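Single-structure report; data block below.
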């Protein structure tokens, strides 16, 4: 009973962070299964495993996106690493609102349940993650499936809003003595910026999907031209949330990568203030570029010119971050342990994804590339190899602190190389498919596209083998087997620890600090 009470009613940031990790892992496995089903269907031309059920294909696409974004990356990055390490890094005893933290987590399992049940109602929700009307309207999806998906998004959104309020309050009000804003570790800064993005963008999504809900069930016509509405309004509202959302997914990853690159290069981060202002700039600019997802809907030419220019400007702070990471490594005494491998992989692959993003920012080019596999390749390079690589990097970096045991280094490196090879083989050929005009969200294709699709599907099978390696590592590390106890500071940063998590025991005590740590100075 006491164990159940500990986990159900927990107000401890580390316990809640662990729950987020477990939840993210479960959702991630499900999302990966869906992606493999998608790649099996696309492995060769003609109807394959889905037997011609094209609605089911779109349900898989939709569920894959929702699972990976709202139930894997966000819970693991912000809920998992954020909850676990933000209080420790700022020298706080816990989060500002511990019980709010608990409900933030426990809103997610019901939300996941609603999403999964939507697949079992009538023909499921085959709208794509954007849920565009009129396809998501009552005439095209007549059952309750889309309504269930909308409620799922509502719950997940409330969870994220409450969590972000908690993080903002914690970071502003609960820093330890001497921990000024300009001494905050970069991961804490990244979570702070992310929390503001969530707080400002999610209410807009909530408004859009609530309007869609009333369109479907109460005969309003917000998005129905027959009653004076406009489906393009939905797209504006959705993408005003949707674009900040992609930065929400990647910003905490930026913070994690900064810590890792600094630790394994044995140097402080190059240009700390520049890194902070770059993240803030990315956050602000992220709200000013949403219509680059809509270049093909008939926007005015000067509107498209503005959104093209604004989108390209985001590349500037992003470039500052990438060059600062490279400058941190420059002249450093680099150790290629597993976290550093994932961090270097992140920098390389995220840069490729960023370059294809610059290509897509051109409204003229995007007319040709919109809704082709070029776009799929672009955002999977920044998510599947950006956000997910950052998650893996953070896991290997902090797993000793979380479990109190060291991970098997060789298995970790094997995991990296299999995954690196697999994801590249999956997504690089998609650039060629997109340039040849293969459209997204379509389960069949002409024979001309067969070669690259077969290669892509093969790559996804390799990625699954890599993920299986990862769970082997988790199992070995979490069990009290041969692997030895983890030191307070496994990466030997005792000489000059720059962050507080390496000064507490591994794993940290239930109440991390006996007395609040005072930060005297930061050595440069």
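Every residue number used here counts from 1 along the chain in the order it is shown.
Each Cβ is built from the backbone N, Cα and C atoms, and glycine gets one as well.
According to Swiss-Prot, the residue from 243, 259 that belongs to the Cu cation site alongside 292, 293 is 243.
Binding of Ca(2+) is attributed by Swiss-Prot to 41, 46, and within the candidate set 443, 446, 490, 507 the record adds 443 to that site.
Of all ranges given (214-234, 340-360), Swiss-Prot attaches the label transmembrane segment to 340-360. When the Cα of residue 371 (Mg(2+) binding site) is compared against those of the binding-site residues 41, 64, 292, 293, the shortest separation belongs to 293. Closest by Cα distance to residue 64 (Fe(II)-heme a binding site), from the binding-site residues 41, 247, 293, 370, 378, is 41. Proximity of the transmembrane segment (237-257) to the transmembrane segment (103-123) is not established, fewer than 3 Cβ-Cβ distances being under 8 Å for residue pairs spaced 6 or more apart.
The 10 Å shell around the Cβ of residue 46 (Ca(2+) binding site) contains 11 further Cβ atoms across the protein chains shown. Distances between the Cα of residue 46 (Ca(2+) binding site) and those of the binding-site residues 243, 247, 293, 378 are shortest for 378. All chains included, 23 other C-beta atoms sit within 10 angstroms of the C-beta of residue 243 (Cu cation binding site). Under 8 Å from some Cβ of the transmembrane segment (18-38) lie the Cβ atoms of residues 7, 10, 49-50, 57, 60-61, 63-64, 67-68, 71-73, 75-76, 79-80, 83-84, 105, 108-109, 112, 402, 460-461, 463-464, 467, 474, all in the same chain and six or more residues away from its ends.
Nonlocal intrachain contacts for the transmembrane segment (148-168), taken as residues 6+ away from its ends with a CB within less than 8 angstroms of a stretch CB, comprise 62, 66, 70-71, 74, 78-79, 82, 86, 95-97, 100-101, 103-105, 107-108, 110-112, 114-115, 117-118, 121, 125, 127, 131, 191-192, 194-196, 198-199, 202-203, 205-206, 209-210, 212-213.
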